[in-house]
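Trainee: Sharing a structure with you now.
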Amino acid sequence: MFNMINLLDLSLEDLKKWMIENKEKEFRAKQVLDWVYKGVYNFEAMKNIPKVITNKLQENFYLSVPSVVQKYVSKDESTVKFLFKYNDGNIIESVVMKYKHGNTICVSTQVGCKMGCTFCASTIGGIVRSLSHGEILGQVLKAQEETGERISNIVMMGSGEPLDNYDNSLNFIRMVNAENGLNIGQRHITLSTCGIVPKIRQLAEENLQITLAISLHAPNDNIRRKTMPIASVYSVEELIEACNYYINKTNRRITFEYALVSNLNDKEVHAEELATLLKGMLCHVNLIPVNKIDEKDFKSSSTNRIKNFSNILLKSGIQTTIRREMGSDINAACGQLRRRYVKNNSKEV
C-alpha cells in the first residue's frame, strides 16, 4: 500500500489523465468518482466499470476513508461526534452539527497541532502529521455514510491549523466545491486560522469566496501572547493589517473568534478595546464560552459577563453573536475526545 496512491487525493482531471495514460477512456474517471461520492469504496462493486479497469485501479490505488473508532450522539441528537482512524492508526475527530438550514461538519486538517494555543485540547502533545486533502475529504464522506444525511456546510475548525497545511487545505476546498464532487458552495465553507499572517495574505490571492475565521481571543498583544504562541511571531497590528488586505481583495466579511476566559480577556475594558480595534472593518465577532479542558485551569466567563461583553460590541456597531453550545454532553469541543482516547489506549503510530 505504501507505493499506492489514495484515490481521494486525485481530482477528476487527475484521474482522467491517469485513464488516458493507461489506455482507457477518460469518461471512466467520472464514473469511478461518481461511485466514490455515492459511498462505494470497493472498486469491484462499481458495476459499470469493466473488470480490466477495476484490476488496474486495485493495483495502483486505495481508498483512504477512515474507520469509526467511536461515535457519540448528544442527548438532543443535534450533534454527532466521531473518532476516526486512518490506515496508519492515527486518530482524529470530526463533528456533525444538525441545524434547520442543513448539516455542518467540523473537519480536522492535521493529527494534533503544533500551534500551542493554551485553551485548545488539540495541541496537547503537539502535531503527529498533516492530513492529505483526500484524507480530509474522507471525513466528510464517512460522516455522510454514518449519518445517512448530506453535509451542506463545512467548517475547518477541528484539530490542526489549516494554513499550516496550506496546499492540502486548498485542494480539499476545491474538491468539495467541484460540481463532480460534493458541490458544496464556497460560501458554505469556513476556514479557521490562529493567524499565520503571510498565509492569510497568500489566501487572499486565491480567488476564493470562503469565509475566513480568525482565532483572535484578545484585543492586544499582552493578553494574546499569554494564550497563543503565534502572537509572539505576529502582532495583533500585523494580523489586523493582513485581515484588511484579505477583505479588500475578496470583499468577504471576516469572522473573529473570541473565546471568553474568566478574568483574562472578558472585562468591559477588553470589550471596549476590541471594539476600537475592529471599528470600520467588514467583520463579525463570534463570542465563545471557553470549554473546560482536563489538563488546563481555564474557567469560562459568567453568562452575564458574556452578554455584557456582547452588548458593548453591538453598541459600538460590531456585528456580534454568542456561539450556541452544542454537544457539551459528549465532549464535542475540539480535541477533547481524541486526547482522552490516545491517553487511554495504545500509542499512535
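Cβ coordinates are placed from backbone N, Cα and C, and glycine is handled just like the others.
As annotated by Swiss-Prot, active site, proton acceptor applies to Glu93, with the evidence given as sequence analysis. For Cys334, the entry in Swiss-Prot reads active site, S-methylcysteine intermediate. Among the features that Swiss-Prot reports, disulfide bond is placed at Cys106-Cys334. Marked as domain 'Radical SAM core' by Swiss-Prot: 99-329.
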Trainee: At the level of the C-alpha atoms, what whole-angstrom distance separates Glu93 (active site, proton acceptor) and Cys106 (disulfide bond)?
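Mentor: Cα-Cα distance, Glu93 (active site, proton acceptor) to Cys106 (disulfide bond): 9 Å.
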Trainee: Taking the Cβ of Cys106 (disulfide bond) as the centre, count every other Cβ atom within 10 Å, in any protein chain shown.
Mentor: 25
Trainee: Per DSSP, Cys106 (disulfide bond) is which: helix, strand or coil?
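Mentor: Note: Cys106 (disulfide bond) is in a strand by DSSP.
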Trainee: Have a look around Glu93 (active site, proton acceptor) and count the other CB atoms within 10 A of its CB, chains all included.
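Mentor: For Glu93 (active site, proton acceptor), the 10 Å Cβ neighbour count is 27.
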